[in-house]
């Protein structure tokens, strides 16, 4: 390979991995995208990940939760290894559970919970709603907005109006008979 080819390859690799989060190591893939290896660095939070991340290794850290939407900006993400972390398996882990369930359901049995006591040592994929705790507040938060509440109020008023109209019609037809 000519010297300019080697220099170009070196430049392309450096350019592709320049957004690599510390303390992780990154490797450019031949088919575009990045291999991001953050294993064993004692991370307690997710680092800022490059949008081109295709394979993400987060095993053997100190992660306990994943914020909702943490992987939404990673459209190429195919592989996610989050094993060997002290996961706190409650409602805050719902996003991670659903993400894995949609993409790599077999990984759910490899991810083990460290806490709370109801879920400790069990695989994330086998937890029941009782073990996860009450997640109802998270589900409500997505639809409780001022516009939605007005819509619900209008539907309730319309239903009440229809019920009154039906009652009035029944009373009128009985009076005519």
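Even glycines carry a Cβ here, placed using N, Cα and C.
Within the set 127-147, 148-168, the record from Swiss-Prot flags 148-168 under the feature transmembrane segment. Sequence-distant contacts of the transmembrane segment (148-168) (same chain, at least 6 residues past either end, Cβ-Cβ under 8 Å): none. Within its own chain, residue 60 (N-linked glycosylation site) has 39, 40, 83, 84, 85 as residues 6 or more apart in sequence whose C-beta sits under 8 angstroms from its own.
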